[in-house]
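Some features that Swiss-Prot has for this protein:
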- 70-75, 117-120, 153-162: FMN binding site (BINDING)
- Thr322, Ala356, 386-389, 404-406, Tyr410, 419-422, Tyr599: FAD binding site (BINDING)
- Ser519, Arg520, Lys525, Ile526, Tyr527, Val528, Gln529, Asp561: NADP(+) binding site (BINDING)
- 64-202: domain 'Flavodoxin-like' (DOMAIN)
- 234-448: domain 'FAD-binding FR-type' (DOMAIN)
Amino acid sequence: MTTPAPLTGLLPLNPEQLARLQAATTDLTPEQLAWVSGYFWGVLNPRSGAVAVTPAPEGKMPGVTLISASQTGNARRVAEALRDDLLAANLNVTLVNAGDYKFKQIASEKLLVIVTSTQGEGEPPEEAVALHKFLFSKKAPKLENTAFAVFSLGDTSYEFFCQSGKDFDSKLAELGGERLLDRVDADVEYQAAASEWRARVVDVLKSRAPVAAPSQSVATGSVNDIHTSPYTKDAPLAATLSVNQKITGRNSEKDVRHIEIDLGDSGLRYQPGDALGVWYQNDPALVKELVELLWLKGDEPVTVDGKTLPLAEALEWHFELTVNTANIVENYATLTRSESLLPLVGDKAQLQHYAATTPIVDMVRFSLAQLDAQALIDLLRPLTPRLYSIASAQAEVESEVHITVGVVCYDIEGRARAGGASSFLADRVEEEGEVRVFIEHNDNFRLPANPETPVIMIGPGTGIAPFRAFMQQRAAEGVEGKNWLFFGNPHFTEDFLYQVEWQRYVKEGGLSRIDLAWSRDQKEKIYVQDKLREQGAELWRWINDGAHIYVCGDARRMAADVEKALLEVIAEFGGMDLESADEYLSELRVERRYQRDVY
């Protein structure tokens, strides 16, 4: 069953209007965006007696530039909350996505605040890659007149925790910037740290920037701000799972599911390139195993966010059980005085390796101890939703949303283990069962505003998902632009995801070219990056014709391998060295012609 949305919460723009608005504002500076914001306010309120929000006179007061560098939306939410805090304090603030920021103006910034996440192997979020490269290049200016603060979001289950924030913080200081505050590194449960940091930032900036009269306050926002919905990460839609179909062969080593979710009459809107956030329930069997290993019953009362719940319920719905971290291992070892785990304490590399290879339940099984229920809860991290690239376009499927789910399953000493969200969707939600979802908008992975622009799509494995959405959208609009797909997986007969659909697009002319890489169908392993090199001359022709390049999939290896291949193609066929090719690719990124959705 779905919960209907109030009409006032529906998105006021259709996808076409949204695309035109994004195209029109792509090249504007923060100051120009501020003027446009005031202009539209004036259009809407021509005779109102209220004071319009207009830019402060240049030179009268230093503005605060607030840069949001977000991958999954958390950094953006923190930045937007800080913007609201600064406005409430009557401070002059400009909020801008890192991807929209004209980074060559950074030398003129007086007060700079960056909120950033980290992705992959310690890399900046996609929208901040160009800014990061610029600051670490020889072109970076001195920032002796800039005062700055950095808030960094990360995940301690990854080795390079908060590395992007550390990079920005150290480089800004190295370039001569003055720290307003020490950098804060926040884990998955970031809300309390963010709230405290925001209050400190406001206090510090009050002493550095004169308080503005309401008529002087400037508030500009990222393009993300135009998305409105009553359904959010904290208030998800109760939707219905309508289709769960395995789309890999019976002999495939992979279990990949095509999932369709009915949004009903909720009015929830999304665009190709967006992600679907899915809240999930931990496997009750896993909860039972963990509870029994600790000689508990599951009915013990525990406190979660100020509420009292039975232990089993808290573990099923509120805490992460399928991803271990070095901090959890270290804290469990210290708490239980485990003889097998204590030698790992203080050794970061060993802790990381153990956490990556040993799920929480098996850590407990291998190092049995007796914990009370609240001690167990205090050891764990809060459950967070999983994000899946959307594999459909509403222009075709209307009130549905489709995702492509690779089911995580493996074995630990004969015991079956599985990913929390993927096994929930694949095995524990029945058709017509309830799934709590929300849309995570991603304006950094969008089709070209001009429908005649050629598109190159590189998506091995489940990375093919957003390109199914891209093709549905382009087919529904009847666009004339050329489309080229690079896809790879182990075997043609077992792992060609959405094979019939791609063959239909080729037959009907919607898909101009398709190059397939099957890594296990021959002695020599072939991957999508090999196909890119093989088609280098034609690929360069497409790029010269203005093609937009999109990459989706694994951030740890594939994305880097694909980027290396692209650089080699650009260097060879563009007649330049690798350093120049890297600058060329960076320019494509700035122009939104090279976009990645990697995880």
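Heads up, the Cβ atoms here are built off N, Cα and C, so glycines get one too.
DSSP states for the domain 'Flavodoxin-like' (64-202), grouped as helix (H, G, I), strand (E, B) and coil, give 55 helix, 31 strand, 53 coil. Least packed by the Cβ count within 10 Å, out of the binding-site residues Arg386, Lys525, is Lys525. Look at Ala421 (FAD binding site): DSSP puts it in a helix. Note: the CA-CA distance between Phe161 (FMN binding site) and Arg520 (NADP(+) binding site) rounds to 34 Å. Here the CA atom of Lys525 (NADP(+) binding site) lies 28 Å from the CA atom of Tyr158 (FMN binding site). Residue pairs drawn from Ser519, Arg520, Lys525, Ile526, Tyr527, Val528, Gln529, Asp561, the listed NADP(+) binders, are separated by up to 18 Å at the Cα level. Within 10 Å of Tyr599 (FAD binding site), as judged by C-alpha distances, no binding-site residues are found among Ser117, Asp155, Ser519. DSSP classifies Arg386 (FAD binding site) as strand under the three-state reduction.
Between the candidate binding-site residues, Phe161, Tyr388, Tyr527, the densest Cβ environment within 10 Å is the one around Tyr388. With a cut-off of 8 Å between CB atoms and residues at least 6 apart in sequence, the same chain places Gly488, Ala517, Trp518, Ser519 near Ile526 (NADP(+) binding site), listed in sequence order. Taking CA atoms as the reference points, Ser70 (FMN binding site) and Thr404 (FAD binding site) are 23 Å apart.
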